[in-house]
Each structure stands twice: as structure tokens, then as C-alpha cells.
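Participant: Please find one structure pasted underneath; my questions will follow.
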Amino acid sequence: MSNISVIGTGSYVPNNIITNDFLSTIVDTSDEWIRTRTGILERRISKGENTIYMATESAKEAIKNANIEANDLDLIIVATLTPDNFMPSTACSVQKEIGAMNALCFDISAACSGFIYGLEIACSMLKNSFRNKALIIGAENLSKIVDWEDRNTCVLFGDGAGSAILSKTKEEGILEFHSGSNGLKGEHLTCGVLKANNTPNKNDSLEKNNFIKMNGKEIFRFAVGAMNETIYNIQEKTKWDLNEVKYIISHQANSRIIEYTAKKLNTEKDKFYMNLDKYGNTSAASIPIALDEMNKRGLLNKQDKIILVGFGGGLTFGGVAIVWSI
């Protein structure tokens, strides 16, 4: 049976930068308060770019990086909790925009774990069918579901998209997954129906349950536990020692979660790649944006062992062990 490898990455973030200082003009907060509690300095907020546009731009980059044509794609999966439409799916809209007319397309909703879930689904579908290449996208326009009057949540989130292209290969690539869900704790991170318009300057007069609501303490506890469990299980399946792993690329939610997880794992914080200071929490987009940034910066070399790990609303969690092949 063929192996599955990552052969290309791409990403897109809006040009519009919202700093902590700007947020301090619309809610009772400060740069120091946000920075020390989250590690976030700024985030990108869409100015007209919708989820389809951001997903499409990241897909174009990934296709170019993989040195393939859009028609080479057999599968497109978009992980998002902020679609522009319920139908057609974001994946079908991306298919239209990039001209990937040979691809089977669908969306999944698993919040911040969505990209990991997408990778696992794609790997299974590639291994068990005639399909050879898949495009996995995490794309979010979270600014439209943020309560810009709630300082506990509006400081956390940003917009963006990231993509990865998978292909059947002979060389070692994606090795093992560990994933799961805990719907019993779903109430700790919720969002109702989507809003049509929402800006950092004012909220439209809709019910507050249309926005992201989060029990921060419970999510912190869940995140640290889920990350530790996931990494431990991946180590068990791969027989990797953490010293062999070059990077752990986790969901970019909060620097304290990452620092605490590193401490629990008895490993250095620098093993965890972080870019949340620039982008905030972009949900399903955070891991692929980080992966693409690392790829562009030349931080990953062939045969490097890396672990991707995510957690989020649902509640959901998941991780994957990858031998880098680009």
C-alpha cells in the first residue's frame, strides 16, 4: 500500500492588522493584559475577504508549492466553522475558483481540530481508493462571530486560511493519527448561528448566543490534557522519543497552554512552534498557517519528524505524526 506525504503548503492572511492597543480603545483591556495572558500581540481581521476567498488564495499557493496542476487534485476537504454559505460548500466553491474539476469536495466542522480531522479523512480516502492527491484547507473568518464587546474573547481570534496537499508516495510521510471528541464538555465553547455583518467597532443587534462564548478555565484544562494525551499516544504508536521530534506544531490558541504542555511533557518550549503573537487564534487555519510559515522559512528539512496537534470546540482533539518530505 502507498504511503501518504505532504507535498505542498500554502496560506493566506488578511493585510488588515488589529493590534492590542487598538482593541484597548473599544473594550476594557490593554496590550499588557492581553500579552501576558495569551501571548498575542496582534491579529489579522478580514476587510471584505470572505472564507472562500481566503481558502482559495491559500490553495493556489499550495498547488504552486507542490508543483502540480489544480486538475491533478482528486479530493478537496475544507475545515471551517465560518462558511460563507451552507450550500454550496466552501470546498465546492474553492473547486470552482481554482478549476479542480476532477476533485470530490466537501466541508467538515470540527472547530480548531478541523485541519487534523481533514488530514485523517483524506489519508483514509487516498489509501482506500483510486484517488492520488488531496487538498486539505483550514479556513476561518472568525471576526464575524466574535463579540467585539467581550474582552475575554474578542482579543483572542483572527482570520486566515492554510492549506496542505497530500499525495500517494513511496517515501515515508504521514504515519499515525490519534483523535477523539468529548461532546459532554461541548458547552464550554459554543457559538450560535452566523451573523451577516460584524466589525470591531460595533455589534449588530443580534442575540449574544450568535457569538463565540468560552469558559476559559475549562478549555485551558481540556487543552493541556488533550495535548498531552495526543502526543503520548502518537509516541506510543510511532515509538518516537520526543528528542527525535524536531517540532511540535500545535493549535495556536494561547502561549500559556503551549508552555504548560511543554512543562508537563518535560521538554523545551522551543520545540513547540508558535506564531500566535502575529495571528491570534485562527481555529482550523492555525496549524496549516504555521506549517506553511515553517515551510517558507526553511525550518523543515526532509526526514524531519514532526507532530501536529489540535484541540477545540466540540470538544475535539487530534494529532498526527509526519516525516517531512519536502
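Each Cβ is built from the backbone N, Cα and C atoms, and glycine gets one as well.
Relevant sequence annotations retrieved from Swiss-Prot are reproduced here:
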ACT_SITE  Cys112  active site
ACT_SITE  His251  active site
REGION    252-256  region 'ACP-binding'
ACT_SITE  Asn281  active site
Participant: Rounded to the nearest Å, what's the C-alpha distance separating Cys112 (active site) and Asn281 (active site)? Just drop the number here, would you?
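Facilitator: About 9 Å separates the two Cα atoms.
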Participant: Just the number: how many Å between the Cα atoms of Asn281 (active site) and His251 (active site)?
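Facilitator: Approximately 8 Å lies between the Cα of Asn281 (active site) and that of His251 (active site).
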Participant: Under 8 Å between C-beta atoms and at least six apart in sequence, can you list the same-chain neighbours of His251 (active site), or say none if there are none?
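Facilitator: In sequence order, Cys112, Ser113, Ala223, Asn281, Ser286, Ile287, Val309, Gly310, Phe311, Gly312 meet the Cβ cut-off.
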Participant: Neighbour count, 10 Å Cβ-Cβ cut-off, for Asn281 (active site): what number do you get?
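Facilitator: The Cβ of Asn281 (active site) has 24 Cβ neighbours within 10 Å.
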Participant: Please classify the secondary structure at His251 (active site) using three-state DSSP.
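Facilitator: Going by the DSSP assignment, His251 (active site) belongs to neither helix nor strand, so it counts as coil.
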Participant: Report the mean pLDDT of the predicted model across the region 'ACP-binding' (252-256), rounded to a whole number.
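Facilitator: Overall, the region 'ACP-binding' (252-256) comes to a mean pLDDT of 95.
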